[in-house]
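Step one of this worksheet: look at the structure below.
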Amino acid sequence: MESQLITFYSSLQPRAQTKIPSEPHHTWPRTVHHRRIRAVASISHSTCFFQQDHIPILGWDTTHVKSKNGTVDLMGGDEEEPEEVELSKRKGTVSSAVALIIGTSIGSGILALPKKASPAGLVPSSISMIVCWAFLVIEALLLVEVNVNLMRRRMRRKEPDEELDVISIRTMAKETLGEWGGTFATLTYVFLGYTSMVAYCSKSGEILFHLINLPEPLLNFLFTLVFATLISVGGTLATDRVNQWLTTSMIGLLLAIEVLAMVLGGWSGFGGSADWGRVPSTIPVMIFSLVYHDIMPVICALLGGDLKSIKSSILIGSVIPLLALLVWDAITLSLSSHYSGSVSDPVDLLLRVRWDGVPFMVEAFSLLAVGTSLIGTLLGFSEFFKEQLKNYVMSEAPLKWSSKHAIELSGLRNWWGRKRIGLMSMVMVVAPSLLVSITVPDAFSAATDIAGGYCMTMLYGILPPAMAWAMQRRELNEEAISSSRPALVGVGLFACGIVMEQFLQDILSYYR
């Protein structure tokens, strides 16, 4: 069965009747600070609702919990039995979600990892990578728990003819932590989006320069323009097919490179130097290489709020990049031990070896890795700006057309009416990113450190446990949440430690 990627701009219009309960007494603020995100109507008119069964993630059931006064419904208030809501079938499949997670995870970070991990050694960097993976999985599950709970709450409040939203990170923070949470998430997410885009644009030009003898700024522009046009104009089906094809090709090339490198002498075992003191400097790029949390709201909508399927997608989609990174790290570091002192970046060695076809395969893999990550970032970041632009565009008065030009311009007007928000948001994402990547030399290395060490860690490391804590505090009693709070505190402190370590390293490097 053909899997279809319904990202933020998939049309979510109801096809089944929905029983809407009476307005309950909410313990959360009644005002929902979230503008609805309409999908491109011409692409899909399918429904994406949420399944009734609920699977707790960290040991606490966030749908119904016993309190002193009876059953507490997180999405509605104090009710003995919530009214039944008929939900339509989900739109996407687990395979679509897994492909999107893999494509978003395996990106330009995998190209920066060997150079950063080389001083620490193979064993310390491998263990650190596994720890970072486990940390990010917990954070992703927390994001999903909060997102799906808010979706269920809105599902009970929506009108029969009202579209169902994709809830952004900003809205999640605002509804759980208040205004300050929404502001913090907004600023951090914008900074993260631009640093990630700068890294991808910069690296794409560098890779293409080795294949096509054209100026890097021009190659940056052309490469980014191709994917921006695909998302803005091509639509859901085209983006889904291209993304899955690129992801499959990328994984195939990576496996081929790793097998050939091991067969032709790129593997020397687990020996070599081990410096645990150099591990902290590798953490930001590891997080940058493994993170996929910006598409968690997309995955929740794609799988219709089915927590079982979402959890399976997260585990499968995150394990595959982890294994690929571990093998990639082992091969590149083993190869660099054979040629120590000649080349600082182990990936450059793969481009210089005289193994038939391997250098070209490395170039192609690098380009695919950047391309798949660029798709995920463009989707999430452009949709963030769609959410903000909706306030202004929807409030504009409709354009007045004279009868003389009505027939001539009706097609253009309809096309612009459907695409204008998406095109405007895409320009807001692409233009500043290209400008920085073209004007700032060696922007790739600096962007990965900033994105992984600060932005991603704060947004996807500190914020999720804070949101989960606030949600539990408002809706659950102390006895029910006592078992989950140690986990929330643990991952929160781990994230804070990463940020502080990166800050100290930057301060020390500045004064050296």
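Just so it is clear, glycine is given a Cβ too, placed from its N, Cα and C backbone atoms.
Unlike curated entries, TrEMBL annotations are predicted automatically.
Record features (TrEMBL):
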TRANSMEM  97-114  transmembrane segment
TRANSMEM  126-148  transmembrane segment
TRANSMEM  180-200  transmembrane segment
TRANSMEM  220-238  transmembrane segment
TRANSMEM  250-270  transmembrane segment
TRANSMEM  282-303  transmembrane segment
TRANSMEM  315-340  transmembrane segment
TRANSMEM  360-381  transmembrane segment
TRANSMEM  421-440  transmembrane segment
TRANSMEM  446-466  transmembrane segment
TRANSMEM  487-504  transmembrane segment
Maximum Cβ pairs under 8 Å to the transmembrane segment (421-440) - stretch from the list 180-200, 220-238, 315-340, 360-381: 220-238
The transmembrane segment (487-504) and the transmembrane segment (282-303) contact flag, 3+ Cβ pairs under 8 angstroms: yes
For the transmembrane segment (180-200): best-contacting stretch of 97-114, 126-148, 220-238, 282-303, 446-466, by Cβ pairs under 8 Å: 446-466
Any contact, the transmembrane segment (315-340) to the transmembrane segment (126-148), with at least 3 Cβ pairs under 8 A: yes
Positions whose Cβ lies under 8 angstroms from the transmembrane segment (360-381), at least six residues beyond its ends: 7-8, 100, 102-111, 193, 196-197, 200, 203-204, 207-208, 210-211, 223-224, 227-228, 230-231, 239, 242-243, 246-247, 249-250, 253-254, 256-257, 260, 292, 294-295, 297-298, 347, 350-351, 426, 429-430
